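A.B. asks: Mind having a look at this structure? Questions to follow.
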Amino acid sequence: MVVAEQLEDVFVGGYLVIYASQDGAGEEYRLPKEVVARALPVEPGRVPVNINHDASCRVGSVISIVDVEKGLFFLGVVSGSLALAMFKYVARDLFRADDGDSPGGGAESETRSDEALPANTLSEREKFLYLLSNVLPSLSLSSARLADGYSPADDFFAHVALCELGKRDGTIAIYGSSPPEVLDAFSGLDDAAKRELARSAEEWTTSSRREEPVDEAMVSECLLRKFMNNAFLMDRGEYLRARRHLADVRRPKYLQAAETTCLSSANPRSSGKAAFSCEARGLDEAGAGAIGRAPESGMAASADQHAQDGIKIRLERSRSQIGPGAMSSVSQPAAAPYSGAMADSAAQVPSAQPPRIPCPPTGQTEMIYVPLGTYNDLVVSAAQARRGEDRRQQLSAPPPQHAQQIVQRETGINSSSPALAPAGRGSYASASHIMHQPAFQTQQPCWPQQQQYVQAPCGGHGIGYYGQAVSRRGGSSGDGAPTTRSTGAPGAGGLSMFGMQHAGPQTHFTAPLHGLPTGFPAHGSFLHAPGYLGAMPPIQVYAPQPQQHPPSLDTRIEALLAALEKERASEQGAAEGPQQSLVAGQNKKKALLKRSMEHQREEEEDDESAPEAPYFPGEAAASCKRQAKRQRAAAEGEEQVAPSFSDLIQGLAALHKDVAEMKASVAGIGAPQASQPTPVAQPEHEEPKQAPATVDASSSKKLKDSRRAAEKRRAADEFARIMSTE
């Protein structure tokens with residue numbers, strides 16, 4: 001590509017240093033704000049602008065450098081003669097932006113190389129700005145090395161280099177045809193700094209100063225050296241995007257952010273090689289066409305549209321330009337590699353993705369921008385479709401080996417043979433239950449000859465594991481036997497087998513079933529396959545029940561007292577008003593709190609005292625106590641802290657003792673004491689020794705329960721002794 005004449009100078013601007021982001025470059029590249037302030041201002045034109053820090057390749061000058069709150073910002077000028085050296089290596093059709101419907105557009109424009117381009121193409125200056133923005137997108141400042149005792153002077157700034165990626169973060173270069181076009185790209189730059197830079201640029205322009213022509217041989221050498229040094233640079237676009245964000249550059253006009261270097265919609269080279277196609281992202285053209293709309297005129301996006309954040313996707317020019325036979329040649333999606341009997345039905349199950357539309361011929365493609373959010377939705381949809389295929393592959397797997405072993409061990413029936421397969425929960429699915437089950441309905445429409453397989457809800461009947469997958473065939477079954485269609489199903493019909501259920505009209509199914517009687521073909525076609533599973537009676541499974549112990553007398557008395565107390569409390573609450581009920585509830589809460597505190601205090605006291613006889617785990621007495629305690633808690637609704645039955649017995653025993661002492665004292669005062677007869681020795685009868693009582697010493701709470709039971713027994717023995725003396 002050759003430029004007829006030298007272009008006018010263009011402007012460049014950007015941050016040379018961002019004060020808050022200097023850690024990544026290293027300490028030797030750190031520039032403190034106070035040091036920079038002593039080196040300013042800079043005389044316009046004194047600091048040169050070169051390529052890759054090559055002093056012999058000067059291409060412009062620095063107009064002004066200002067110190068703002070965010071960092072050190074500069075505005076410079078680049079010589080228009082640099083375009084002559086760069087355009088020598090640019091293809092002629094790189095910047096073509098023809099209108100496909102215009103006389104100069106489309107395929108005809110490829111043969112008109114000597115004629116003038118249409119009026120809607122980019123100007124030479126805009127092409128030059130695109131080249132600079134994409135070939136030299138960054139800035140790098142060269143300054144004097146800071147040392148102890150060094151004071152910045154007029155020669156502190158050596159030069160500003162245009163490069164691929166600078167050492168410092170946020171040093172992005174923005175090019176423009178005028179100073180406002182450069183400065184407006186930085187949203188974080190304050191108005192005062194913009195006015196100062198614009199005034200300096202106006203003074204530079206009014207002075208009619210122009211940059212000297214560049215050395216084309218030196219420029220070519222520098223650009224080749226730059227290419228060789230940066231050929232292995234990884235993630236260049238990510239670095240530039242991060243630096244634009246750090247520099248508050250929101251909408252760069254000439255910075256090409258896409259992964260293709262071509263701006264043309266009718267470029268044959270870009271459509272075949274450099275164009276970013278849908279297949280590179282795992283999507284097809286139909287997925288992109290669902291969100292993008294081809295312009296009616298087929299014209300490529302303008303320079304302003306290229307500045308938006310998005311992803312280029314190759315689309316058809318328009319449906320009217322594809323031709324009548326293109327849509328008829330739509331290829332069906334390839335079936336997933338299913339295994340077993342599921343492979344035949346997988347090809348007829350509708351895919352989650354839309355039909356695949358073939359790519360249009362070369363020269364009839366165009367690039368559009370797709371919003372990142374919509375593109376992410378496409379990626380998620382493709383991932384969900386892949387997960388659905390993986391799920392269907394998992395469902396097509398045979399039942400696990402351990403399931404067959406469990407079935408054979410529990411029932412004595414080999415599930416691999418053509419006998420009855422066991423159902424879940426220890427029973428067989430009856431024919432009457434299966435035939436009266438309603439079909440499982442799905443929200444997706446049932447297309448003709450294409451049915452949806454869905455997961456059936458878990459119930460009490462049905463096969464207890466996933467068996468062989470269900471497939472649908474036409475013609476004959478897998479073993480060559482003629483297939484038939486069952487019409488005796490009620491309603492719409494449904495298939496419920498092996499944990500799967502099919503919704504839809506009467507449909508031809510062929511499936512290898514484990515649950516058929518002996519002699520029935522292994523492969524068959526029926527609408528309600530589980531209806532054949534009702535020949536065997538249900539298998540009863542008996543689970544061991546825990547041993548029940550009758551509650552003791554104390555437990556029944558305490559439960560009766562608690563029930564009477566609750567009934568009395570409910571009657572009082574019904575008789576009282578709402579306010580009195582509220583007060584009673586509060587008093588009850590206080591009483592429960594006080595009782596729990598006393599219970600906790602008693603537990604602490606019980607922890608200090610040892611039980612009378614230890615309890616060894618495994619004895620029957622402890623299980624009886626635990627069972628009685630659980631029954632008492634279930635009957636009362638809450639744990640009883642201190643029963644009142646033992647207190648009544650102790651009080652009654654003390655009363656009888658006092659009465660006996662009073663009688664003895666009265667008899668001693670009123671009558672003389674009689675001589676006591678000598679006791680006659682009676683033969684002692686040895687009573688059978690009782691087994692020592694045991695208590696549960698596993699916790700303080702159990703110790704407390706044992707202590708209470710011992711107190712009750714002592715009180716009962718004392719009461720019996722008193723009653724016997726009377």
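Here the Cβ of each residue, glycine as well, is placed from N, Cα and C on the backbone.
Since this is a predicted model, take the numbers as computed values, not measurements.
Marked as active site, charge relay system by Swiss-Prot on the basis of sequence analysis: His53, Ser140, His159. Look at Swiss-Prot and you will find 321-362, 385-427, 472-492, 568-644, 668-726 tagged as region 'Disordered'. Residues annotated as compositional bias 'Pro residues' in Swiss-Prot: 352-361. Positions annotated as region 'Interaction with pAP' by Swiss-Prot: 365-384. Among the features that Swiss-Prot reports, compositional bias 'Polar residues' is placed at 402-418. The compositional bias 'Basic and acidic residues' annotation in Swiss-Prot covers 702-720. According to Swiss-Prot, the region 'Interaction with major capsid protein' annotation covers 706-726.
How buried are these features, and what lies next to them?
C.D. replies: Remark: His53 (active site, charge relay system) has Ser140, Ser142, His159, Ala161, Cys163 as non-local neighbours, by Cβ distance under 8 Å and separation of at least 6 in sequence. In the three-state DSSP reading, His53 (active site, charge relay system) counts as coil.
Annotation note: Ser140 (active site, charge relay system) sits in a strand segment as assigned by DSSP. For Ser140 (active site, charge relay system), the count of additional Cβ atoms within 10 Å of its Cβ stands at 21 [all protein chains shown].
Of all Cβ atoms in the protein chains displayed, 18 besides its own lie within 10 Å of the Cβ of His159 (active site, charge relay system).
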A.B. asks: For the region 'Interaction with major capsid protein' (706-726), what's the model's average pLDDT?
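C.D. replies: The average pLDDT of the model in the region 'Interaction with major capsid protein' (706-726) works out to 81.
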A.B. asks: DSSP helix, strand and coil counts for the region 'Interaction with major capsid protein' (706-726)?
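C.D. replies: Residue counts for the region 'Interaction with major capsid protein' (706-726) by secondary structure: 20 helix, 0 strand, 1 coil.
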